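These features come from Swiss-Prot:
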BINDING   Asp84, Asp86, Asp88  Mg(2+) binding site
BINDING   Cys85, Cys101, Cys108  Zn(2+) binding site
Amino acid sequence: MEEFDVDLDFGGAGHTDDGDGLVAVIAQDADSRDVLMLAYATREAVARTATTGRAHYYSRSRDELWEKGATSGNTQSVDEIRVDCDGDALLYLVAQTGGACHTGHESCFHRTLDGDTVGDQVFDPDDAY
């Protein structure tokens, strides 16, 4: 099992169907500092990210590990991984290729609470998935 130099609270964000713990991961553009997405990761996903430099997450809906952009081509190259003060959330500082959101938007945070769209759609999801 992968060991890290800091204590991480896997399980703070729930568990997989197999009982593996999850941590919340925020992906942020390393240059613009725009918040791109929130996802979850298992210990294995974090280890793969640290080893490969490519963002890996855990899909709770599909119950599987996934590499960002493996299907769509909208990849995240991870420049740095930061840990929050409680060790139960991570921040991936990334170089984003294409949009981060499966809806085709640059960021998953492309709507206001009033329902207004505030972000650009940078690709057609029908062409990517």
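Every residue, even glycine, has its Cβ placed from backbone N, Cα and C.
Neighbour count (other Cβ atoms within 10 Å of the Cβ, all protein chains): 15 for Asp84 (Mg(2+) binding site). The 10 Å shell around the Cβ of Cys108 (Zn(2+) binding site) contains 18 further Cβ atoms across the protein chains shown. Annotation: Asp88 carries the greatest number of neighbouring Cβ atoms among the binding-site residues Asp86, Asp88 [cut-off 10 Å, Cβ to Cβ]. In terms of local Cβ density within 10 Å, Cys101 ranks first among the binding-site residues Cys85, Cys101. For the pair Asp88 (Mg(2+) binding site) and Cys108 (Zn(2+) binding site), the Cα-Cα distance reads 21 Å.
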